[in-house]
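Peer 1: I am attaching a structure below and will ask some questions about it afterwards.
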């Protein structure tokens, strides 16, 4: 028999979401749990309402952790001004950033 599944990647708002007027968000981790919450969509919409990327990412991760305390996941977000941040649960997470004014890539470590 053949079994298949759809992961979180092709579901808008789950593993990634962006709006050129607001910013963008990406996710990694336990997608089977995270996709139930559309965390990247949540982050972008929270930023639309005025939240900074860090607060928006922490809020979205916290919503998942309340229901699934053992899940492992992380979010990274950037707003249209270039302010970026990450939030994670269940592990230490790293993401990289580089803009036109930087000589090299900067690796950001995010702890739970």
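Note: Cβ is positioned from N, Cα and C throughout, glycine not excepted.
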Peer 1: Region 'Disordered' per TrEMBL sits at which of 1-20, 21-40?
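Peer 2: The range carrying the region 'Disordered' annotation in TrEMBL is 1-20.
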Peer 1: Who are the chain neighbours of the region 'Disordered' (1-20) in space, where the CB to CB distance is under 8 Å and they lie at least 6 residues beyond its ends?
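Peer 2: Same-chain residues near the region 'Disordered' (1-20) but 6 or more away: 26-28, 31-32, 34-35, 38-44, 48, 80.
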Peer 1: Among 5, 6, 7, 8, 28, 29, 30, 31, recorded substrate binders, what is the largest CA to CA distance in Å?
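Peer 2: The substrate-binding residues span at most 18 Å between Cα atoms.
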Peer 1: Under 8 Å Cβ to Cβ from residue 7 (substrate binding site), same chain, six or more residues apart: give me those in sequence order, or none if nothing qualifies.
Peer 2: 31, 32, 35
Peer 1: Can you tell which of the binding-site residues (29, 31) has the fewest other C-beta atoms within 10 angstroms of its C-beta?
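Peer 2: Counting other Cβ atoms within 10 Å of each of the binding-site residues 29, 31 gives the minimum at 31.
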